[in-house]
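Feature annotation from Swiss-Prot assigns active site, proton acceptor to HIS188. Taken from Swiss-Prot, the feature NAD(+) binding site covers GLY12, GLY13, THR14, GLY15, GLN16, ILE17, ALA18, ASN106, GLN113, VAL130, GLY131, ASN132. The substrate binding site feature in Swiss-Prot is assigned to ARG93, ARG99, ASN132, ARG163.
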Amino acid sequence: MVSQTVSVAVTGGTGQIAYSFLFSLAHGDVFGLDCGIDLRIYDIPGTERALSGVRMELDDGAFPLLQRVQVTTSLHDAFDGIDAAFLIGSVPRGPGMERRDLLKKNGEIFATQGKALNTTAKRDAKIFVVGNPVNTNCWIAMNHAPRLLRKNFHAMLRLDQNRMHSMLSHRAEVPLSAVSQVVVWGNHSAKQVPDFTQALINDRPIAETIADRDWLENIMVPSVQSRGSAVIEARGKSSAASAARALAEAARSIYQPKEGEWFSSGVCSDHNPYGLPEDLIFGFPCRMLATGEYEVIPRLPWDAFIRGKMQISLDEILQEKASVSL
């Protein structure tokens, strides 16, 4: 039985990530099995036929939670009165394209989306950004939507967290459920910071199970950092199904939190407990409070290895921010 209904927008609705995510969303994986969904699926003009096909499949899925499905090429219609938005659509990096070119193209897209959110979305709407470069895209959208709460903008680092979680599980030869406090800091890029020093295995410090520090620093960390490129090289396309699952999990950690769960998210750095510059979207370990708000987990120690990686990631975020104009 549906106890409430949320209005949700998904952009990039004809893309691979959205295609996987929409069915997970419709099944109740994000908001729960008692929450109805008023769904708006957006993509750019020219995609109308493909959007209609996505709607057909959702209709054919006969999902009880879907109260309404609207497909549109209007951001105003997509974002009108929404409770949550999943900003998936972006320009992918093409052959010969420099990162600065990608930042410029996507900066324009997310500035436009931020302005539309500012005009039409609910003030307390939660915004989950997936399109890369995700930290900077999220920052651009946030700063173009000053009416919305800055704390409710999230850049997805959950896929990085999941990759690290899986690698630690395999190395320790334990179930995924035995591994906890997996943390990824900083930028979602090859300079992200997979922080194994906080992780627990069977509620014990990781070093008691994985004593090989060289493997952690020189195999695991760079493997997580470069996993996206490895997937592209292997399948010829970027991560889609795993990214969609990570997005569903990232949102579920906020809407249906587990007691004591840590999750990594790129959030606004204003008033952060680590003294990092404000007005950034930076990956932090977070947890939900009884109030329904999240907090950045404070007072986690950084050893020399992690501190060095943190500075590299911070410098990259600052460089990206400096390269775009609001």
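FYI, residue positions are counted from 1 along the chain as it appears here.
Placement of Cβ uses the backbone N, Cα and C atoms for every residue, glycine included.
Location within the structure of each feature annotated in Swiss-Prot.
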residue : record                       : DSSP class
GLY12   : NAD(+) binding site          : coil
ALA18   : NAD(+) binding site          : helix
ARG99   : substrate binding site       : helix
GLN113  : NAD(+) binding site          : helix
GLY131  : NAD(+) binding site          : coil
ARG163  : substrate binding site       : helix
HIS188  : active site, proton acceptor : coil
- Message: If you compare CA-to-CA distances from GLN16 (NAD(+) binding site) to each of the recorded positions ARG99, ASN132, ARG163, HIS188, which comes out shortest?
- Response: ASN132
- Message: Whole-number answer please: how many Å between the C-alpha atoms of GLN113 (NAD(+) binding site) and ASN132 (substrate binding site)?
- Response: 14
- Task: Across all the protein chains here, work out how many other Cβ atoms are within 10 Å of the Cβ of GLY12 (NAD(+) binding site).
- Result: 23
- Query: Between the recorded positions ARG99, ARG163, HIS188, which lies closest to GLY131 (NAD(+) binding site), Cα to Cα?
  - Reply: HIS188
- Query: With every protein chain in view, how many other Cβ atoms are within 10 Å of the Cβ of the residue listed as 'active site, proton acceptor'?
  - Reply: 29
- For ARG163 (substrate binding site) and HIS188 (active site, proton acceptor), the CA-to-CA distance in whole Å is 13
- Item | Cα-nearest neighbour of ALA18 (NAD(+) binding site) within the listed recorded positions, ARG99, ASN132, HIS188 | ASN132
- Message: I'd like to confirm something. Which of the recorded positions, GLY12, THR14, HIS188, has a Cα closest to the Cα of ASN132 (substrate binding site)?
- Response: HIS188
